[in-house]
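Beneath this line is the structure, given in structure tokens, with notes to follow.
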Amino acid sequence: MAIELEDLGLSPDVADVMQRLARVGAGIARIISRNGLERDLGAGVGTNAGGDGQKALDVIADDAFRAALEGSAVAYYASEEQDEVVTLGEGSLALAIDPLDGSSNIDVNVSIGTIFSIFPAAAGPEASFLRPGTEQIAGGYIIYGPQCALVCSFGQGVQHWVLDLDAGIFRRMPDIRPLPAETSEFAINASNYRHWPQPIRAFVDDLVAGAEGPRGKNFNMRWIASLVAETHRILMRGGVFLYPGDERKGYERGRLRHVYECAPIAFLIANVGGGATDGCADILTALPDRLHARTPFVFGCASKVARVAAYHDLACEETSALFGSRGLFRS
């Protein structure tokens with residue numbers, strides 16, 4: 001046994017897949033803890049299907065998860081590191097995975113993770129994944145940080161496990177609590193301010209204005225450049241995350257993958273009462289048009305996610321009036 005799954009009512013096939021994912025996750029945690037002692041896990045080794053640079057650990061993780069799922073109920077394996085869906089067999093399930101999220105942080109000892117999503121297998125490989133996120137059986141992640149933890153939803157709340165290093169087992173913890181209605185934290189890469197669309201600038205400017213601004217309170221900004229780490233913080237204490245599309249070539253639809261990253265995170269957030277959109281529309285009801293499709297992504301406390309969408313609904317003149325001559329880097 002690699003993870004405690006009692007009393008969750010999972011089908012034998014899903015429970016078996018979770019055991020396999022947990023077993024690989026525990027192994028990857030051990031590999032990460034020895035980075036630099038035997039090999040450089042952050043060394044560049046090529047590019048993936050989306051054109052992003054691959055690190056050694058990206059490939060190690062992808063190979064490990066793929067191998068572990070052979071012989072399971074997973075018929076189709078879709079990975080951010082693979083060009084196409086890999087057919088593993090004739091099982092009843094399909095699994096999408098970002099084997100190693102946040103790999104730019106490998107060499108600086110910042111939390112990284114694995115994001116995964118389980119669907120019922122459809123009639124063919126791509127059809128199993130180009131579908132609404134509401135059809136997920138499970139969505140979750142493993143975070144490799146000061147603790148190695150696994151967080152997953154099967155559609156009823158969000159469950160939480162922590163890796164017991166001595167036993168090599170993910171121990172069940174109390175479920176994640178519903179997200180708070182209000183928050184004083186937001187996460188966005190402010191260095192891209194000049195490229196953002198006006199509604200995003202307006203929203204952030206109003207937060208930065210603090211107690212004297214239209215929100216009437218002070219906010220703190222966070223940015224880790226690891227989606228798993230950002231998600232874990234928001235699940236633990238609330239907040240809102242924004243990765244908008246912007247004016248730069250290749251960033252028009254943001255940089256996060258709909259299938260491998262955004263759909264499973266949105267599934268988690270929805271199951272603790274939060275919201276997840278592309279800035280305007282619900283991520284979970286959207287249909288990706290290709291495996292490696294990207295999407296802008298806003299998620300977290302429902303009220304803040306709804307407010308971002310409201311800023312997009314305003315005409316440009318109205319949005320400008322909200323913050324007048326203010327800007328993130330102007331008084």
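Glycine is treated like the rest: Cβ placed from N, Cα and C.
The Mg(2+) 1 binding site feature in Swiss-Prot is assigned to E80, D98, L100; the stated evidence is sequence analysis. Here Swiss-Prot flags D98, D101, E261 as Mg(2+) 2 binding site, drawing on sequence analysis. Sequence annotations record features per position, and here Swiss-Prot assigns substrate binding site to D101, G102, S103, S104, N189.
In this structure, the C-alpha atom of L100 (Mg(2+) 1 binding site) lies 11 angstrom from that of E261 (Mg(2+) 2 binding site). Cβ neighbour count for E261 (Mg(2+) 2 binding site) (all protein chains, 10 Å cutoff from its Cβ): 26. Sequence-distant neighbours of D98 (Mg(2+) 1 binding site): residues of the same chain at least 6 apart with a C-beta under 8 Å from its C-beta are S79, E80, T114, I115, F116, R257, Y260, E261. Long-range Cβ proximity for D101 (Mg(2+) 2 binding site), meaning a same-chain Cβ under 8 A and a gap of 6 or more residues, is found for I112, G113, T114, I115, Y141, S226, L227, V228, E261. Listed in sequence order, A225 are the same-chain residues six or more apart from S104 (substrate binding site) with CB atoms under 8 A from its CB. Using a 10 Å Cβ-Cβ cutoff, N189 (substrate binding site) registers 15 neighbours. Figure note: comparing Cβ neighbours within 10 Å for the binding-site residues E80, L100, G102, S103, the maximum is reached by L100. Listed in chain order, the extra residues whose Cβ falls within 8 Å of the Cβ center of the Mg(2+) 2 site residues D98, D101, E261 are E80, G102, G113, T114, I115, Y141, L227, V228, L256, R257, Y260.
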